[in-house]
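Shown next, in structure tokens, is the structure this report addresses.
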Amino acid sequence: MGTIGKTTTATLFLCLLLFPIVFSTPNDRLVRIGLKKRKIDRNNRMAAHLESKEEKASEAFLRKYRLHGNLGESEDIDIVALKNYMDAQYFGEIGIGTPTQNFTVIFDTGSSNLWVPSSKCYFSIACYFHPKYKSSRSRTYKANGKPADIQYGTGAISGFFSEDHVTVGDLVVKHQEFIEATKESSLTFLIAKFDGILGLGFKEISVGNAVPVWYNMVNQGLVNEPVFSFWLNRNPEDDVGGEVVFGGMDPKHYEGEHTYVPVTQKGYWQFDMGDVLIGDQTTGETALKIILRRRLCASGCSAIVDSGTSLLTGPTAIIAQVNHAIGATGVVSQECKTVVSEYGETIIDLLLSKDQPLKVCSQIGLCSFDGTRDVSMGIESVVNENAGKASGNVQDAMCSVCEMAVIWVQSQLKQNQTQERILDYVNELCDRLPSPMGESVVDCNSLSSMPSVAFTIGGKILELTPEQYILKVGDGELAQCISGFGALDVPPPRGPLWILGDVFMGKFHTVFDYGNMQIGFAEAA
């Protein structure tokens with residue numbers, strides 16, 4: 001009996017190890033999808049720089065055409081087309097077909113379609129780095145064939161609609177329309193940790209007027225309540241990424257009561273938000289001490305909650321004020337000034353000693369000179385190409401700004417300027433450098449002195465501390481602290497608009513109450 005007992009115990013232990021993190025219990029009838037989490041890494045951010053031109057082209061397209069035509073009748077699709085999944089951190093697993101074919105997806109409240117790579121995707125490199133749906137292997141597949149096309153801020157996917165059963169946790173959503181992606185025209189999807197997107201927005205923004213997965217969960221009676229909720233774990237040391245719960249909410253995920261606000265416009269999970277406040281975190285007072293209370297939302301602001309957006313974004317003019325108040329500067333500007341501060345005099349000395357300009361940055365250890373790169377290729381080329389190399393480590397960025405600095409120093413030496421004047425001139429040019437994705441950075445050592453930032457929602461003040469709105473990329477001396485506030489100008493008729501992404505949802509457990517058309521926020525546990 002002892003041997004049998006030990007064997008049984010070992011078997012149960014093994015089952016627990018192998019059992020997926022998707023589960024439900026008969027007591028609460030909640031369906032929990034465990035989320036995987038990854039750190040934001042420099043490789044992804046630098047790769048995204050390569051697509052900055054593409055992103056701007058998409059915005060211009062939006063302004064001109066308002067996204068009619070193949071994307072559907074709704075004018076509200078514009079935010080989907082601005083989305084950038086490069087920094088997405090949270091993913092979960094679903095299955096499609098019978099037997100199930102598994103895919104890792106972003107559960108995205110900012111879009112409404114489900115798509116995964118198709119086995120018929122032959123000419124997009126991204127498809128070869130992710131599992132592909134094979135309709136021939138599913139007994140429940142039904143052909144549809146209607147063409148589909150979704151434009152994102154950094155690239156696009158296209159393909160055709162199909163129908164099959166979709167497994168989410170232990171729920172089987174029958175006859176679900178989804179997109180088989182046959183083209184993924186973006187570096188984002190090539191290096192992404194996810195295979196596809198499962199949209200949890202409203203049908204009003206669904207491409208092809210497809211019924212969203214969430215709607216079918218409700219319509220097929222698969223959930224106890226027409227409610228789903230998100231808990232995102234922002235603890236960088238914890239392996240658990242969080243959970244999305246279908247059918248209600250888990251009391252273990254939040255503290256206190258939720259503050260609810262009504263959905264003001266279906267499409268996205270949109271609501272009316274009050275003022276944006278910047279307070280003094282160091283006062284130790286319960287109430288915020290306002291040190292900057294400009295009426296950033298004089299007559300209120302519209303906002304959406306978007307689990308598919310990593311940052312917290314708003315209109316450029318307002319985000320510039322927020323980033324200025326927290327001491328954030330442009331990423332490229334800061335990197336440029338670092339090079340000038342540490343190596344400016346050395347660059348001048350090497351150029352005065354008649355060293356080849358092409359070799360200056362390699363001599364001081366910031367570039368790996370291979371004899372093929374031309375430092376005189378022009379500043380714009382350096383910013384757009386070298387700063388966005390997919391290898392993407394810190395040294396690559398420093399190499400790029402070093403090469404720019406060499407160009408600028410050369411021009412000043414030809415005018416016989418003094419060393420002081422040359423360095424001042426180069427620093428001035430650093431200030432004018434754009435950040436390819438609009439990101440800003442802060443000194444990682446200054447978090448304790450930075451103010452809190454708060455949002456007035458449902459008459460309550462929801463506050464973010466510096467530790468909560470700053471994202472740390474990398475470790476040790478190469479670590480970079482990025483502001484969680486990004487500029488994104490959503491055009492009318494939907495905009496201007498705030499988008500509360502993972503930075504906000506990590507602090508506040510969020511309930512999406514489809515039955516009562518409301519959104520709830522409470523302190524995350």
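Here, residue 1 is simply the first one shown, and the rest follow in order.
The backbone N, Cα and C atoms fix where each Cβ goes, and this holds for glycine too.
Predicted, not measured: the structure shown is a model, and the values here were computed from it.
Going by TrEMBL, these are the annotated features:
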type     : residues      : note
SIGNAL   : 1-24          : signal peptide
DOMAIN   : 90-522        : domain 'Peptidase A1'
ACT_SITE : Asp108        : active site
DISULFID : Cys121-Cys127 : disulfide bond
ACT_SITE : Asp306        : active site
DOMAIN   : 331-371       : domain 'Saposin B-type'
DOMAIN   : 395-436       : domain 'Saposin B-type'
Residue distribution over DSSP helix, strand and coil in the domain 'Saposin B-type' (331-371): 29 helix, 0 strand, 12 coil
Length of the line joining the Cα atoms of Cys127 (disulfide bond) and Asp306 (active site), in Å: 26
Spatial neighbours, same chain, of Asp108 (active site) - Cβ under 8 Å, 6+ residues apart: Ile197, Leu198, Gly199, Leu200, Gly201, Asp306, Ser307, Gly308
Residues of the domain 'Saposin B-type' (395-436) by DSSP state, where helix covers H, G and I: 32 helix, 0 strand, 10 coil
Close in space, distant in sequence - Cys121 (disulfide bond), Cβ under 8 Å, 6 or more apart: Cys127, Lys132, Gly159, Glu180, Ala181, Thr182, Lys183, Glu184
Other CB atoms, at most 10 A from the CB of Asp306 (active site): 29
Number of Cβ atoms other than its own within 10 Å, given for Cys127 (disulfide bond): 22
